[in-house]
Each structure stands twice: as structure tokens, then as C-alpha cells.
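Residues or ranges marked as domain 'O-antigen ligase-related' in TrEMBL: 184-339. The transmembrane segment feature in TrEMBL is assigned to 35-51, 63-85, 91-107, 114-131, 151-170, 175-193, 222-241, 332-351, 363-385, 391-408.
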Amino acid sequence: MFSRLFFPSESLRSVTGIAVFLMGALALIVPSGYSIGPLLLLLVSISLLFLQSPYSLSSKDRWIILTLVVYGVVVGGLSIIDLGAKGFDRPLRFLLAIPVLLLILRFPPRQTWLWSGLSLGAIGAGSWGLWQRFGNGIERVGGYLHPIQFGNLSMLMGVLCLAGLGWAVLQRRRAIWVVLLLLGALLGMLGSLMSGSRGGWVGLPVIGYVLYRGFGRQLPLALKVSVAGLVVTLATLVFVLPQTGVQQRVNSAISDISLYVSGEESNTSLGLRFEMWRGASQLIIQRPLLGWGESGYEAAMINLGQQQTISPVAAQFGHAHNEFIDALAKRGVVGLAALVMLYMVPLKMFASGVVHENLQIRALALAGTLLPVAFIDFGLSQTFLAHNSGAMFYAFWLAVIWGCYSAYNRALQD
């Protein structure tokens, strides 16, 4: 249907399509692959300076842009005060995503580019994770990233593939597209399992609910029961089979919590996180408005460790291993508000599209909803946006998905 809709300059749409395809396809399988597509889109966005025809932004477009501006300026401004110019490095990504968003709004790629890139990227990430685990004997695979970053981003790409099924079932060769996206979802999840990153698994029930709200309510009861049974069966197999390492990681988590609560040992994986959160909470009470800043936080935590208030090992970490606690400790209520806005505004803007009557629009809305939902989940046990991969993924995928969603929605209404 949308292939028949008119968008100006098909050549520019093709260029943005290739760049969006590379955003997904190369994200985790080449060094800094998640930066290649965004860089190309940023370069192409320069063409907007030479366009004569006006383009009016919707109120929702402005809200997304405002969200990116607020987060970039607040986090960047506070970081510059603390660290100088280098502190603006990662927050700058959120401002650079704005011209990319404007480009996608004007020249949205065909959804074929978007979903094929995501599916092939997830397949590549999962396949590489399996090879590293069983071919090279690496216990926690990470590709070119830390295992937590690799595993969570692999899972995110797999989850986004599930959102794409709404688009796939409407295509002429729908069987091929459905299989490709399901394979991407499966291997994306396997990439997460091979990394042993437990944090991403916690949010799977919420992710499942979002997908059910978008697709599940219209399905026949028998199919719902079958899908639920399949999910439970697969989850049981993943837990039971020792090769996946899931049972070991779950048992390890239970042991860590037991040791910490009993006071026997705090220097375990989860125990150290609890100590970081405890130390950061004390710092938050002392400076609630603007926080301690990066360098001030590190010095204050080391001081808590030296005083034996928290584990000296936990005091050595430069972040709180929780996005929200970290933001509140380093940038205070102001920084936390910017972070909450970064997640909540997109959720609000995509909300109506999750139940849109057009499945292609609904698929984009679901992908846009799952992006912040997944990052909220990841942020419970990791400062995900403090990593270049996390900042690039969120900022530019938000720009691409919202740009496509808004442009196709407008075209449908026109």
C-alpha cells in the first residue's frame, strides 16, 4: 500500500533506506557497526539545508525533538561543567539525532530496508554469539562490546523483529518475511542468552505484554494458547539445558542475593550492585538537586569505600550500575527528570499507534514503544546510556522509528 504513496525525491529515499539497513545489519557484527548507518544519515541530512519546499512539523514531532534537545543539553551542560568539553561527547549524540529525524520525516525509507536490516543484524549477532560460545569456548560472549552491551542490544534487535511481523504479514512474499523476522527474533534472543546478561531478561514479561497489546488481542483463542504454550516450552528448555548457561546464571543470582542478605559476602556480581546503590543513595541525599557530577561521584564513592561504609571494591566503579540511580546521584533531580522525559515522551507519542487499524503503522508504533521499554529494563542493572553503543542505539533508532512512523502516518491521512 505505502509503496504507492507519493514521497518527494525517490533517490533520497533510497539513500536513507540503505543507511537505515546498515544501521541494523552492521550494528553488532563489525567494530562500531552501530555508528555506520547513523553517520551516513547525518551526512545525508546536510541536503536538508538546500531544500526549498517547506515542511511543517506536527506537535508530536516537536515533542520528540524537544525530548532529544532537553536530554542532550541538560546532560551535556552538567557534564561540561564537571569534565570540560569531553563531557559533551555522548550527550551530543542526542542532538545529532535531530537532523537525522528531520531527514527521515522528509524522506522516509521503505520499510523493507528497516525490517530487513534489523532481521539480518539480529541473525548475524546471534550466529556470532553461538560461534563464540560453542566454537571458541567463550563463556560470556560479547562480540566487539562488553557482554552486557552485546547481549542486551542483541535482544533488543530480536524483539524489534517481532514488532515487524505486523508489516510482514501484509507483504506479497509474506511467508519469506515472516520466517526472516522470526529467525531474527530467535537468534537475537540467543545472542542475549550466550552473553549471560541477566538484566535484559527481567523485562521480557513487559515486552511480551506490549506485543500482546499490539497483536495478540485480535488472535483466535486457540492460537493464543498455542503461542503461550510454545513460549513456556521454549523458556523451560532454555532453563533446563546446561549448554545455555541460563540455569547457572539464575542460580548464581540467587546465591549472590542470599550471601548479601546474610552478610556473608558482598563482593559478588549482584552484591556489588547492591553496594553501589547503597553508596549512591547516600550521595543523593546530600546533593539532591544537581548531584555530584562524574568526577565528584567517583571521589565521593571512593571516600565511602575507604570509610568502609560500602565495599571498597564497589567504590571503585565509576557508575551505579543503574541508569536512574546513577542519573540522580550525578545530575540530581534535574538529570533524572531529563532521563525520565527521554523514555516517557516517546512512550506517550507512540501509544495511540499500538492499536492503529493499519498493521504497518502499528508495527512501527510497537517498535517505537519497545525501544524505551527495553532501555528502561536494561537501565535497571546497567548505566546503558553511559556507553557509546547505548547512546547511539537509543538516539538514532528513536529518530529513525519515529520519523518513519510519523511520515507514514501523515501519508496515510493525506
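The first residue you see is number 1, and the count goes up from there.
Every residue gets a Cβ built from N, Cα and C, even glycine.
No curator has checked TrEMBL annotations; they are predicted automatically.
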Can we call the transmembrane segment (363-385) and the transmembrane segment (35-51) in contact, meaning three or more C-beta pairs below 8 angstroms at a sequence separation of 6+? no
Counting only pairs 6 or more apart in sequence, are there at least 3 Cβ pairs under 8 Å between the transmembrane segment (332-351) and the transmembrane segment (63-85)? yes
Taking the transmembrane segment (91-107) as reference, the highest number of CB pairs under 8 angstroms among 114-131, 151-170, 222-241, 391-408 goes to 391-408
Can you tell me which parts of the same chain pack against the transmembrane segment (114-131), counting only residues 6+ beyond its ends and a CB-CB cutoff under 8 A? 17, 20-29, 37, 141, 143, 150-151, 153-154, 157-158, 160-161, 164, 167-168, 177, 180-181, 183-191, 193-195, 400, 404
Which sequence positions outside the transmembrane segment (63-85), separated from its termini by at least 6 residues, show Cβ-Cβ distances below 8 Å to it? 57, 91-95, 97-98, 101, 290-291, 293-296, 330-331, 334-335, 337-339, 341-342, 345-346, 348-349, 395, 398-399, 402
Under 8 Å between C-beta atoms and at least six residues away from its ends: which parts of the chain pack against the transmembrane segment (222-241)? 193, 208, 216, 247, 250
